[in-house]
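See below for the structure under consideration.
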Amino acid sequence: MTTNSVLVLKVGGALLQTESGMANLMAAIKDMTTSGQKIVLVHGGGCLVDEQLSANGKEIIKLDGLRVTPADQIPIVVGALAGTSNKILQAAAAKAGLVSVGMSLGDGNVVSAKIKDEKLGLVGEVTPDDATYLNFILSQGWLPICSSIAVSDAGDMLNVNADQAATALAKLVNGTLVLLSDVSGVWDANKQVIKSLNKNQIEALVAQGVIEKGMKVKVEAALEVAQWMGKPVLVASWQDTEQLKTLAQGGSIGTQIQP
Ligand SMILES: Nc1ncnc2c1ncn2[C@@H]1O[C@H](COP(=O)(O)OP(=O)(O)O)[C@@H](O)[C@H]1O
Ligand SMILES: CC(=O)N[C@@H](CCC(=O)OP(=O)(O)O)C(=O)O
């Protein structure tokens, strides 16, 4: 998708567990940036957080796809996302010949953050704020790699769902959002990828329980941006090299979430 607008690519945490997946993605990013496409990479790391919480004897609780994050889990969550996950991706970027800047939502006032809902603990809700820092990184030809850890004005470190993090950054730079997961797109009840979805269809599939958990959060984030921008948002897979090539050539892949 070589467009004039900035491409905001979000990758789910499962990517970080496959060397070949990361290598393929970084090769596709290298191709796109070489042809002048500006890219912001936003990442999750939910599975790494799960691993680290378990290793530290902590409970894993999710509500509607969002992790309940008590204060005693924050150091582990921040370490897994802003630390390990972010640096794993920077290492993969370096291997592909890309110059990256590892960052989080707490940097340069890119977003403003507040606690989303007391019952989720230290989970953040973010809104776009100041694009100066991100635009500077892009103007240097560097690849920003952003984790979904935010910092509130009150000085709390907050855990933000990475799809929602990507939503805020896509709005910030008025970019084109692509959410890459470990599935080829949004499935129907028979696990067939649906080519295109609008608001009514999404609401029906959520009500039927066909779209659930992390995919519910993702599709709702995608719909919000699609409506805000007045253009479709793609939900696709980082696993499929062909999909990545199509994306790099400006084609449409996976499921299009329509405004
Ligand atoms: N209708 C659906 N279509 C595709 N995936 C779905 C659907 N409903 C639930 N899922 C689940 O959502 C997962 C993707 O969400 P999530 O794990 O949060 O991804 P990521 O970590 O890439 O953001 C899929 O692996 C799948 O198990
Ligand atoms: C609040 C919340 O749910 N935060 C997520 C942040 C990471 C994430 O979203 O990772 P994926 O993209 O791999 O799912 C979490 O703690 O798992």
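Even glycines carry a Cβ here, placed using N, Cα and C.
Unlike curated entries, TrEMBL annotations are predicted automatically.
Taken verbatim from TrEMBL:
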{"type": "BINDING", "residues": "G45, G46, R67, N159", "note": "substrate binding site"}
{"type": "DOMAIN", "residues": "6-237", "note": "domain 'Aspartate/glutamate/uridylate kinase'"}
{"type": "SITE", "residues": "K10", "note": "site 'Transition state stabilizer'"}
{"type": "SITE", "residues": "K218", "note": "site 'Transition state stabilizer'"}
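Projection of TrEMBL feature records onto the structure.
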residue: K10; record: site 'Transition state stabilizer'; DSSP (3 states): strand
residue: G45; record: substrate binding site; DSSP (3 states): coil
residue: R67; record: substrate binding site; DSSP (3 states): strand
residue: N159; record: substrate binding site; DSSP (3 states): strand
residue: K218; record: site 'Transition state stabilizer'; DSSP (3 states): helix
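Here the recorded positions are K10, R67, K218; the one with the fewest Cβ atoms within 10 Å of its Cβ is R67. Among the recorded positions K10, G46, K218, residues whose Cβ is positioned under 6 Å from ligand 2 are identified as G46. Summarising model confidence by region, the domain 'Aspartate/glutamate/uridylate kinase' (6-237) averages a pLDDT of 97. Note: the substrate site is recorded as G45, G46, R67, N159; in the same chain, G13, G44, V49, T69, V77, A80, L81, S148, N161, A162 also have Cβ atoms within 8 Å of that site's Cβ centroid. Non-local neighbourhood of N159 (substrate binding site): R67, T69, I74, V77, V78, L81, L122, V123, G124, S148, I149, each in the same chain, at least six residues away, with C-beta under 8 Å from its C-beta. Note: G45 (substrate binding site) has non-local neighbours G13, L16, A80, L81, T84, S85, S147, A162, i.e. same-chain residues 6+ apart with C-beta under 8 A of its own C-beta.
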